Amino acid sequence: MELNFEKPLSLLTLDEIDQQEGGVIQSFRTGHTSPYPDPADWLNGEEPPPGVFITSVEKVLNWSRHYSLWPVMFGLACCAIEMMCMAASRWDLARFGMDIFRASPRQADLMIVAGTLTWKMAPWLKRIYDQMPEPKWVLAMGACGTSGGLFRDSYSVVPGFNLVVPVDVYVPGCPPRPEALMRAIMDIHEKIDKTRILKR
Amino acid sequence: MAIKTENFILNIGPQHPSTHGVFRLRIVLDGEVITDLEPVFGYLHRGIEKLAEGRTYLQDIPFTDRLDYLGSMTNNHAYVMAVEKLAGITVPERAEYIRVILDELQRIASHLAGLGFFLNDLGALQTPLLYMFREREKIVELFDMCSGQRLNYNYYRFGGFVQDLPEEFLPALKILLDTLPGFIDEYEQLISTNEIVLIRTKGVGVLKRDLAINSSAAGPVLRASGINWDIRRNDPYSIYNRFEFDIPIAKNGDTYDRYMIRILEMRQSVRILRQAVKDLPEGEIMGKAPKLLKPPAGEVYSRIEGPKGELGFYLVSDGTDKPYRWRVRPPCLLNLSALKDMVVGWKVADLMAIFGSIDIVMGEVDR
Amino acid sequence: MTAVLDYPQLKAALSKELPGIEIQADGSFLLVSPEDMHKVCERLTSLPSIQMDYLTNLTAADYSEYIEIIFHLNSITHNTSATVKTRLTDKKNPKMASVVDIWRGAELQEREIYDLFGVFFENHIGLKRIFLWEGFEGYPLRKDFVNGH
């Protein structure tokens, strides 16, 4: 899914860059028509693995990941304002350890995608997701993330984020209140507490 | 001996902390000075104009909320006014006063958010933004009381409102009007005499008077360049000709003027609010409008003064219950027409200051 | 209050300046043919009694026989407004002269009309798609483009 670099990038004109990116978006659109399955097997209970040593290492790792999730800022449209309201002083997000929204995906482990995703933006969402190091989680915020929302039958809107990235938690609402978003983040904390390091 | 240099193309990509949403800029740099700029739009293009042709007039009101999502009440007002002109519906007195109150509150909320993001871009990482959001929360709570929603209100209807204001609204509004001017004064005193803000914004990104008119700029961007044009004064709609207020005009057209105009406009909005709350009459809030609205065939272009500029709707009706052509005149997109002239010659850090002072919202640029 | 210009008077003033141009002024707008549009716009900005220096809105609408381009103009000095329209009957290859050299604000709006309707503007400074990507097939706001594809 990369741009085709027969000539070095400094010799391409801006129009040629536009043409190549248009080709990338067209091929992305035809290639992503079926959704990724939801990684939801943490909801069914599992037996704990044997061994005292593994269990306490897991507990420490999960505890440290739970209390310092750093989100990458990916606010696209109206839901981004509610995400910022949640990070502001009334519904303080810093008490969970998530106060700084990282601008670079290499330093983050949670991606909150807030807003409507269009086909023009979709390849770059996949690229930012690929640049995040493991382990990583994705939260789809709003009705536009679950199914395309109000704009579902438009010619340029992706009907649901799970066509592009695998999503862990969906938050309904248009836009969801900050309290609903906090409940979703606490669901991700529960999921982190139940991960096992031996099988992923 | 001459050193061989070449220009460098920098991509300020769609995912970026300072671009107010998904907006992409490709700039050509000579060292650190910008020589050319090309904006790329369309990362939030949802096709609202095409979707609106497939729904009835009443079902299109939620689409107008999501255009400029920091100013939903004024968007609703512009659309509802256009359809009322097309179909010949009159609005009762109490509804007109409530419309003015909600519009001016929305203008204050939008300017607070815009100024908070502007200072965020200048480098005051998040501290003024949190203060602005604290005051904005008080206004958003008032809107939550009337309409049940915090961001996309969908409160206006053709002919007035469907539900009256609740009883707690007016006492809470009066308490807010007593505390808000003090906050605006404190903000102005802390920021406007700050040395760093003055050096980074005075004289930077000048938009000259003739270019401002020629490139169809509107709102605070136009008034900061010295042009006395405000739709509430020059082409009054609703009942704005009954209130006394001034229109702040600046002379230079630089970034500092665009920032100052928004502070002065907030003060004038508080003045209008005080007069409207004092004169609010009793009465009914919904005029005569049919349940299924089928306006007669024709077209209309009607406009209001939104917080970002002149917001207009052009509607063509063919006699059925769905519109034939539904067009929004986007103030944020047209304020960006002269971006290249404002930015060329300055450095990359100034680009963010200039861009933040125009105060755009991507939902309206791309629709 | 913004006064709407009197269209028969406007037609008389323009016909005196540019003889041989067909203009219709019945109803609430001025209808000009596409070849004369650029000259009429130049006169509308330069005549001192009219002086339409502010282009408020430039848009298009798709009817069954023609594509109509609508200009909403304002004069800031005199506080008046006017609506001027033109109709392009060739729907396979619609084209018209660009007014970017008269009003700079037309640049982005003409790109949008090219992107969503397919109308080609001659002498534009950089006419390419603005909201949709290169390689998108079709023009969405035309009536024969069905949503969901």
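Counting begins at 1 with the first residue displayed.
In case you wondered, yes, glycine gets a Cβ from its N, Cα and C as well.
Site annotation for [4Fe-4S] cluster in Swiss-Prot covers A:C78, A:C79, A:C174, and the matching candidate from A:C85, A:C144 is A:C144. Around A:C78 ([4Fe-4S] cluster binding site), the same-chain residues at least 6 positions away in sequence with a Cβ under 8 Å from its Cβ are A:G115, A:G142, A:P175. Each of the binding-site residues A:C79, A:C174 was scored by the number of other CB atoms within 10 Å of its CB, and the largest score is that of A:C79. Contact annotation for chain B: of the listed binding-site residues (A:C78, A:C144, A:C174), A:C78, A:C174 place their CB atoms under 8 A from a CB atom of that chain. Long-range Cβ contacts of A:C144 ([4Fe-4S] cluster binding site) within its own chain (separation 6+, distance under 8 Å): A:A77, A:C79, A:G115, A:T116, A:L117, A:L150, A:F151, A:V157, A:C174. Under the three-state DSSP scheme, A:C174 ([4Fe-4S] cluster binding site) falls in the coil class. DSSP assigns A:C78 ([4Fe-4S] cluster binding site) to coil in the three-state reduction, placing it in neither a helix nor a strand.
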